[in-house]
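Notes follow once the structure below has been shown.
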Amino acid sequence: MIPSQMIVFLFIFLQSYISLAYDPDPVNDYCIPRTEFSSIFLSCKNTSLVTVDDFIYSGIKDPGNFKHTGFSSIPVSSTVFPGLNTLGMSFVRADFDVDGVNVPHFHPRATETAFVLEGKIYSGFVDSGNRVFAKVLEKGEVMVFPKGLVHFQMNVGDSPATILGSFNSQNPGLVKIPSAVFGTGIKEEVLMKAFGLSDKEIARLRKKFVPQ
């Protein structure tokens, strides 16, 4: 039997560990990764070799191709923009066709702020009490999605729309609810009982969301 003092110690340790589970503060002004090394422990480029181009990214000047699905996103992390490395942030450009939808999803490691660059977007999130906070945002407006909460967006205007999203993590993560539920290996019986669906309906949804 584990002594009560040990239980208290383990609880405090776990709470401390969880509280530290975020991007650490950088110990240098910046750290441009050395591309000649491939390791989870990235080495920084010598500061004398760093140039202004390391801090500039041009990959989101143009919209993504949303004609097939109605939605396109271009994530920008330190993988494609080395200047972000160790700075604890990343961002995304999202483009919507008319009626285009960014399906309900969440980012397990980051809060997101979404700025409407063009168009009208119905945007919202659901808190842990199942309360929905949603509103139509217009050009120039910003909405924040708290870390780990399910959120969604839909173009409700009569022209294409664009959002710029910013995350307070270098690696925010992304879990899309439809794909996570129907595109993975969750047992069919579980899904049938959880959603009140038939086996044929489950099969149809799995065919849609299972990665090809």
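Here, residue 1 is simply the first one shown, and the rest follow in order.
For all residues, glycine too, the Cβ spot is worked out from N, Cα and C.
Curation does not apply to TrEMBL; its annotations are automatic.
Note that the structure is a prediction, hence the values are computed from the model and not measured.
TrEMBL annotations:
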- 1-21: signal peptide (SIGNAL)
- C31-C44: disulfide bond (DISULFID)
- 58-203: domain 'Cupin type-1' (DOMAIN)
- N102, H107, E112: oxalate binding site (BINDING)
- H105, H107, E112, H151: Mn(2+) binding site (BINDING)
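Overlay of TrEMBL annotations on the structure.
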residue	record	Cβ within 10 Å
C31	disulfide bond	21
C44	disulfide bond	14
N102	oxalate binding site	24
H105	Mn(2+) binding site	18
H107	oxalate binding site	24
E112	oxalate binding site	24
H151	Mn(2+) binding site	21
In whole Å, how far is N102 (oxalate binding site) from C31 (disulfide bond) when you measure between their Cα atoms?
33
Whose Cβ lies within 8 Å of the mean position of the Cβ atoms of H105, H107, E112, H151, the Mn(2+) site, other than those residues?
F106, A110, F125, F145, L149, V150, G165, P172, L174
Hey, for the oxalate site built from N102, H107, E112, who else sits with CB inside 8 A of the CB center?
V92, H105, F106, A114, F145, H151, G165, F167, P172, L174
Could you state the whole-number distance in Å separating the C-alpha atoms of H107 (oxalate binding site) and C44 (disulfide bond)?
27
If we check Cα distances from C44 (disulfide bond), which of the binding-site residues N102, H105, E112, H151 wins as closest?
E112
How long is the line from the C-alpha of N102 (oxalate binding site) to the C-alpha of H151 (Mn(2+) binding site), rounded to the nearest angstrom?
9
Residue distribution over DSSP helix, strand and coil in the domain 'Cupin type-1' (58-203):
22 helix, 59 strand, 65 coil
